[in-house]
Amino acid sequence: MTSHGFYSKSQASCIGVALLFCTSLVIPSFAELERLEHPAKGDGSLSFLVVGDWGRRGFYNQSHVAFQMGKIGEKLDIDFVVSTGDNFYDNGLTGLNDQAFEESFTKIYTATSLQKQWYSVLGNHDYRGDVEAQVHPALRKVDSRWLCLRSFILNAEIAGFFFVDTTPFVNDYFTDIDHTYDWRGVAPRKAYLDSLIKDLESALSESTARWKIVVGHHAIKSAGYHGDTKELNDLLLPLLKAYNVDMYVNGHDHCLEHISSLDSPIQYLTSGAGSKAWRGDLNQHYKEDDLRFFYDGQGFMSVQLTKNDAEITFYNAFGKILHEWKALKELHSAV
């Protein structure tokens, strides 16, 4: 157990953590999903922050958001931080020695309360750089908080987190002539996606976690600029509904957003406002599901869980509460 309360049981206990991550990176595309563990608090509760689309060396209010995250993180005594991707703009990392890692992460999120494990997925902008560098365990030697993998599972006792690499699902990136993407580890794409979907379904079906939370970069449902992601609606959403997932958490749209499914318990939660925002692209006619909240500016989200209760809160760059939602697990309804 590290100082961040981080465990892994995917390999025999005699294999070190460093070897464990190196092994997972040798054949990341088709290996079984990495399974990690993070302990809940002594009373069984769990609290964490969610931020996405942030890595801009402190600009576009990234530093303001980070400061407020530190304050809320201390108040809630958070257990960890979830990043929903697009971790480094505009084009990911150039390699293991790219100074953007420290300038956009280590030197920005400096509050004591944020010195916890960060669990991160990749976004489409990250795929424009050196993906192998961003998921490489060597970055943990630079900043031990950092943990970014393509897809993985996190068992946090009362909650099971299923982190999904959503960028390879999106057809447009494979025909984009204006940008170059690092598809190493993804090709052949169909086999990669088939394997990921199969492993995700297996993990969801086996999970006994009280709360099931799926994290990806792209939105399944969104009233923002990018809108719904068709490929995720076709390939991912059926699994979420079949296995009673409680929350789908994403970034991509540079906003804060809460949509409630009308035909399932799923809460669609967008936290992609870690830096550049204010696009002014709310779809005023969005009616597919219940749009409870939309904010076009910078900010972040907190989640607090107990065995029977969930509390979701959205904050702006000044720490002001913009939206709160509470639910009872048994009832799957807001109170």
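Placed from the backbone N, Cα and C atoms, the Cβ positions cover glycine too.
Unlike curated records, TrEMBL annotations are generated automatically.
The number of other Cβ atoms within 10 Å of the Cβ belonging to Asp86 (Fe cation 1 binding site), over all protein chains shown, comes to 30. Residues annotated as Fe cation 1 binding site in TrEMBL: Asp53, Asp86, Tyr89, His254.
Per TrEMBL, the feature Fe cation 2 binding site maps to Asp86, Asn124, His217, His252.
Among the features that TrEMBL reports, domain 'Calcineurin-like phosphoesterase' is placed at 47-255.
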If you count other C-beta atoms within 10 angstroms, which of the binding-site residues His217, His252, His254 is the most crowded? His217
Cβ atoms near Asp53 (Fe cation 1 binding site) (within 10 Å, other residues, all chains): 30
Sorry to bug you, but what's the C-alpha spacing from Asn124 (Fe cation 2 binding site) to Asp86 (Fe cation 1 binding site), rounded to the closest Å? 6
Spatially, which candidate from the binding-site residues Asn124, His217, His252 is nearest to Tyr89 (Fe cation 1 binding site), comparing Cα atoms? Asn124
